Amino acid sequence: MTPEHLPTEQYDAQLAEKVARLQSMMAPFSGLVPEVFRSPASHYRMRAEFRLWHDGDDLYHIMFDQQTKSRIRVDSFPAASQLINTLMKAMIAGVRDNHALRHKLFQIDYLTTLSNQAVVSLLYHKKLDEEWREAATALRDALRAQGLNVHLIGRATKTKIELDQDYIDERLPVAGKEMIYRQVENSFTQPNAAMNIQMLEWALEVTKDSKGDLLELYCGNGNFSLALARNFNRVLATEIAKPSVAAAQYNIAANHIDNVQIIRMAAEEFTQAMNGVREFNRLQGIDLKRYQCETIFVDPPRSGLDSETEKMVQAYPRILYISCNPETLCKNLETLSQTHTVSRLALFDQFPYTHHMECGVLLTAK
């Protein structure tokens, strides 16, 4: 695979290899055949980052070969959304001959939605001044005149210039209901929107007969907790990043959800609070004992759950675990399988044509 060519004819074979690999990895914990969720074969990534290469008068996006580290020119990127591909050409055309925009530009980041909104961030090794702002405003207006719903941001050391806003609002159809998700530039969002819809619908399906409340750790912008709110009496969710917490609060209001509470704290801190080890001012007014959480949802970073959180989640009758790294999932399962059984297993092809796998497991207490 190269950045400008996807081996779409090999999609089925690469997916089958992942299914076999996941089943083998999970064999010590479950004999289940994974439920498999396919990605679109192209134009599935909603965000992308490129370095910029200045070659005389020419200017173009580049990526680096992961093995050789050699530079690869990228004029089109079929893994990314159609909107990103359109913007890549439009941005180069708008920046190439404009000194204020081109000088010391080293990277462009693209974030798009299925609702055809975009935030484009231009990263510089220079101080951004009023001349840059005027040139960027003119470029933004020219892009909008082409029918592109785009917002531009300039970034440099200790500097961030928003021409109007640093977010876009995604709209996803999830199990018969449209969900609105504010996505903030430079914050984590699910990269494959079509796969995100399938993950949300799978999570809804496996928790459809739930009792009591839901606790979620690492909730981000509320991606899962807001969609799952319809299956539970109440949802209590934690997140550490301020922009993500602010986006989650907006998303709660935008979706008219009244049974979700977001707390800004790390999973490790929440574990301490639940165990009565420490008290936190951020929990004032929230009585944790009022929540009857029979299900806990975790979507941890690639490192998986730390040992203290492992112990904490074992106290819940049901654990819903979304993993972007099955190796650390299996490491966690060495502990979790002592008290819980894997009752559902799913593979989500979040990153086609790569080694990476995303998977979900539902664990029920023995």
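Heads up, the Cβ atoms here are built off N, Cα and C, so glycines get one too.
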With Gln190, Tyr218, Asn223, Asp299 listed by Swiss-Prot as S-adenosyl-L-methionine-binding, which of these, Glu162, Glu239, Glu279, Glu327, is given for the same site?
Glu239
Measure from the Cβ of Asn223 (S-adenosyl-L-methionine binding site) and count the other Cβ atoms within 10 Å, all protein chains considered.
28
Taking the Cβ of Cys324 (active site, nucleophile) as reference, which residues of that chain separated by at least 6 in sequence fall under 8 Å from it?
Asp299, Pro301, Arg302, Gln350, His356, Glu358
For the S-adenosyl-L-methionine site given as Gln190, Tyr218, Asn223, Glu239, Asp299, which other residues of the same chain have their Cβ within 8 Å of the site's Cβ centre?
Phe188, Glu216, Cys219, Gly220, Asn221, Gly222, Phe224, Ser244
Just counting, how many other CB atoms are there within 10 A of the CB of Tyr218 (S-adenosyl-L-methionine binding site)?
22
